[in-house]
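What follows is a short report on a single structure.
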Amino acid sequence: MENGLDDCTQDGTVDLKGNPVLRSKRGGWRACSFVVVYEVFERMAYYGISSNLVVYLTTKLHEGTVRSSNNVTNWVGTIWMTPILGAYVADAHLGRYWTFLTASVIYLLGMSLLTLSVSLPALRPPPCKDVNLDNCRKASTMQLAVFFGALYTLAVGTGGTKPNISTIGADQFDDFHPKEKAHKLSFFNWWMFSIFFGTLFANTVLVYIQDNVGWALGYGLPTLGLLISVAIFLAGTPFYRHRLPTGSPFTRMAKVIVAALRKSKVSVPSDPKELYELDLEEYAKGGKFRIDSTPTLRFLNKAAVKTGRTDPWMLCSVTQVEETKQMLRMIPILIATFVPSTMIAQINTLFVKQGTTLDRQIGSFKIPPASLGGFVTLSMLVCVVIYDRFFVSIARRWTKNPRGITLLQRMGIGLVFHIIIMIAASLIERHRLSVAREHGLVENGGQIPLTIFILLPQFVLMGVADAFLEVAKLEFFYDQAPESMKSLGTSYSTTSLGIGNFLSSFLLSTVSDITKKHGHRGWILNNLNASHLDYYYAFFAILNFLNFIFFLIVNRFYVYKAEVSDSMEVLAEELKGMTLTGPNQVSSHE
């Protein structure tokens, strides 16, 4: 080939017609640019809805604090849980590209119906200025059905886009090419940069339009943005590398577990070479990777013990066993991310509700409470750039790790920030309530003579925490997943956010009910001036601390996949060996 290594076939990737692709023709940053630009517009669409949703539910549909907050977190929880289904469809049937496009159509349908529901007066109850929402006319069953039907149609659409779009982007880089591997190390940082750039626009411009111009335009613009983003993604089709569906990851994992259980009394041979494994050529034909046996989760190795039966539910290859191990090993880490995901859920619910009670006036301009979410984005963007450009290069000199510090160390720093955030939020809320008492604003729920910017610390610190935890979480679950289960691995990070939001709904309802017992007023009321969110946030700080202890324990026992801790130099040496054996040779380990 004319350009040597740079022009060779990209193992395991094809064009839309199924033909092998050349590295010089497809993939890399050229292909990723379409994916990254898409994500800017798509995030603008999603956060244009979610950032200010609690305000719409309160002011237009006349829902109380607990109900509106829970409706937001239940919907957002669904948004982040449906990617499991999307990942399954992509890996087992349609592939990532076609799953993404099909889901995008559903996404657009939901956004369009949602815009219609906020635009027509017949689809919402009449306006009400009464401070006591119980005196306002509630939305009818039909009005709620249209509005929430649109929201959950949208949720189904995002289930197919979220786990696949970032994976499509990461697929444009070859793990076994030194230059592309180096580029991939920065991909997830810049991916998050694009996400939060679109989020910043939504949290500033769109929420201002919704609060001051109209909800029809405020929802119509992100719908148009989504349409543009899909068109941009389609424009990049000639440059993409595509991976073929590899079968249901759930079925592959189930076969290993069932086979191991059925052979529970069988002894595992001391020599891993005696276990069942396919020839290297079988993996090379399909552009797949063979993985060597590891001693962790040794019980599952029983699935690869030869007993004379070749039933796939009785005998699995070593690679299939190791793939299952990799997915199972990540579950304790996944559990440790549930609590911080619950904290993130407060940004669009209680944090915004706090903002509605404060002075938002700057001259003739009135700050939308949801716009403070923009400071989460700004601090996130600044921290990601500083981290990627300065911290990593400095830390790399000491640790010899291409990432500077390990992914779990980066996540741990984010968890510490979440403890600090909730302590700060509790202290700030305690001050807000003391001012409300001083000015006699407890019972009437009036506006407190404090600037809304007193809430800035909790928003800014949340952005800093995201720069560590959320970026590392996305990269960790993608990187640690086996090659044939990357979409499922990515869905782990979205599942974390989904369960975190459902956990937020559960905790809010439970704490609200418990604290109202025995004649007490309760911690969370429709009138925040008479509530005790300071106690609630202090409870969250304790919960985060206990979760951090749990994380330290599971982190101690976690075993990384080899390439995460290997230096770029070691990887380059491996690649030289691969090149000597021919461009179609597949490494025996990831």
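Quick reminder: no glycine exception, Cβ is built from N, Cα and C everywhere.
The feature transmembrane segment, as given by TrEMBL for the ranges 140-157, 248-265, sits at 140-157. Most Cβ pairs under 8 A with the transmembrane segment (448-469) among the ranges 97-120, 140-157, 367-387, 407-428 are made by 367-387. Looking at which of 97-120, 140-157, 215-235, 367-387, 535-558 has the most CB pairs under 8 Å to the transmembrane segment (407-428), the answer is the stretch 535-558.
Note: the stretches the transmembrane segment (490-508) and the transmembrane segment (140-157) are not in contact (fewer than 3 CB pairs below 8 A, sequence gap of 6 or more).
Within the same chain, the transmembrane segment (327-347) stays apart from the transmembrane segment (187-209): fewer than three Cβ pairs sit under 8 Å, each pair at least 6 residues apart.
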